[in-house]
Amino acid sequence: MAPSGSRSIKRSCQTVLYWIPVIFITLIVAWSYYAYVVQLCIESIDNIGQKIVYLLAYHVVFILFTWTYWQTIFTKPMNPLKEFHLSYSDKELLEREDRGESQQEILRRIAKDLPIYTRTMSGAIRFCDRCQLVKPDRCHHCSVCDKYDSAHGPMVNNCVGFSNYKFFMLFLAYSLLYCIFITATDLQYFIKFWTNGLPDTQAKFHIMFLFFAASMFSVSLASLFVYHCWLVCKNRSTLEAVRAPAFRHGADKNGFSLGLSKNFRQVFGDEMRYWPFPVYSSLGDGCSFPTCLVNQDPEQPTSPGHNPPPNKAVVGESHQFPAKPLRESQSRLLNSAPSWTENGGAEDKERRGTSNPAMAIENET
């Protein structure tokens with residue numbers, strides 16, 4: 001009983017600790033709302049028209065910012081599909097084998113018909129001993145959430161993966177817009193603070209600290225947002241940006257890149273009307289990912305005499321795949337042309353609307 005009780009206390013303390021960044025951000029946002037709406041707009045701005053415009057614009061950005069933050073935090077990561085889990089007989093067979101090579105033979109047989117392309121750096125089948133399953137591409141067990149998804153984001157206390165990566169991108173965009181808007185509209189009153197143009201009230205200090213906080217957060221958020229935009233354009237996770245994913249032919253940092261347009265659509269979807277809002281519209285099932293197995297970085301010049309291996313495709317040419325089943329979500333993403341339409345069509349939405357927002361496109365070690 002004692003060990004069990006101590007583990008329970010430890011888990012409770014860890015849960016509280018993990019929520020501290022979210023609580024801190026929530027308190028900062030709540031204070032910024034009070035400082036901007038009450039102290040700046042209501043107490044300090046005399047022009048009625050300017051006051052109305054500022055309040056309307058502020059609340060539009062504020063609602064989008066809080067909405068995306070909420071969705072990023074409370075969108076639950078999902079577990080791999082049943083087909084990736086070992087059957088009872090396979091588990092017993094795997095446990096009876098002592099040698100690693102024999103276990104790999106079993107795993108290779110199980111993974112033969114699964115839509116996976118990546119391997120470990122040594123070329124072995126990626127297997128999770130804790131969950132007893134073959135790991136889907138680009139997915140890892142999160143040690144913080146104890147769920148099978150991706151990298152844990154401290155400031156959202158949730159894994160940032162396929163199911164909420166669009167929400168996370170929008171959260172970064174709207175939080176940056178929120179800070180820039182406050183900085184821009186607060187600037188003239190911040191200058192008045194230093195030139196003694198404001199009455200000597202508590203609003204002076206709220207205006208000063210509001211400007212400093214918004215401007216400092218703008219710098220950090222801008223760098224993070226630009227970095228993740230680059231990751232979306234390259235179709236890479238944070239881990240893949242540091243260490244290229246390994247395929248059967250070797251490591252390939254561009255292995256999941258389908259080109260700028262399709263990389264963007266994989267995260268945000270086809271229909272433009274859904275892009276600005278935190279509603280699920282990503283393409284795919286989050287458990288299998290199309291790959292064109294590109295070895296050459298299109299940003300780098302091709303070296304003379306370089307010939308890519310025969311099982312690799314070149315951007316713009318026909319896509320070559322290993323002998324694996326190709327899911328409907330992959331076929332559609334690879335074969336369809338960008339629609340970029342406002343309506344998208346009922347048939348298109350029906351095909352995609354029930355896809356499973358399961359696994360992650362970001363990973364943790």
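Just so you know, glycine gets a Cβ as well, placed from its N, Cα and C.
As annotated by TrEMBL, transmembrane segment applies to 16-36 (among others).
Sequence-distant neighbours of the transmembrane segment (48-70) (same chain, 6+ residues past either end, Cβ-Cβ under 8 Å): 25, 29, 33, 36-37, 40-42, 156, 167, 170-171, 173-175, 177-178, 181-182, 185, 276-278. The feature transmembrane segment is assigned by TrEMBL to 48-70 (among others).
Here TrEMBL flags 126-242 as domain 'Palmitoyltransferase DHHC'.
If you look up TrEMBL, you'll see 167-185 (among others) marked as transmembrane segment. Non-local neighbours of the transmembrane segment (167-185) in the same chain are 32, 36, 40, 54, 57-58, 61-62, 64-65, 68-69, 71-72, 75, 153, 156, 160, 210-211, 214-215, 217-218, 221-222, 224-225, 228-229, 232, 267-268, 276-278; each lies 6+ residues outside the stretch with a CB under 8 Å from one of its CB atoms.
A Cβ distance under 8 Å defines the sequence-distant neighbours of the transmembrane segment (205-227), meaning residues of its chain 6+ beyond its ends; these are 28, 32, 34-36, 39-40, 44, 169, 172-173, 175-176, 178-180, 182-183, 186-187, 189-190, 193, 198. For 205-227 (among others), the entry in TrEMBL reads transmembrane segment.
The annotation region 'Disordered' is assigned in TrEMBL to 294-365.
If you look up TrEMBL, you'll see 294-305 (among others) marked as compositional bias 'Polar residues'.
Look at TrEMBL and you will find 331-342 (among others) tagged as compositional bias 'Polar residues'.
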Residues in the domain 'Palmitoyltransferase DHHC' (126-242) grouped by DSSP into helix, strand and remaining coil = 67 helix, 14 strand, 36 coil
Query = Per-residue pLDDT averaged over the domain 'Palmitoyltransferase DHHC' (126-242) comes to what?
reply = 89
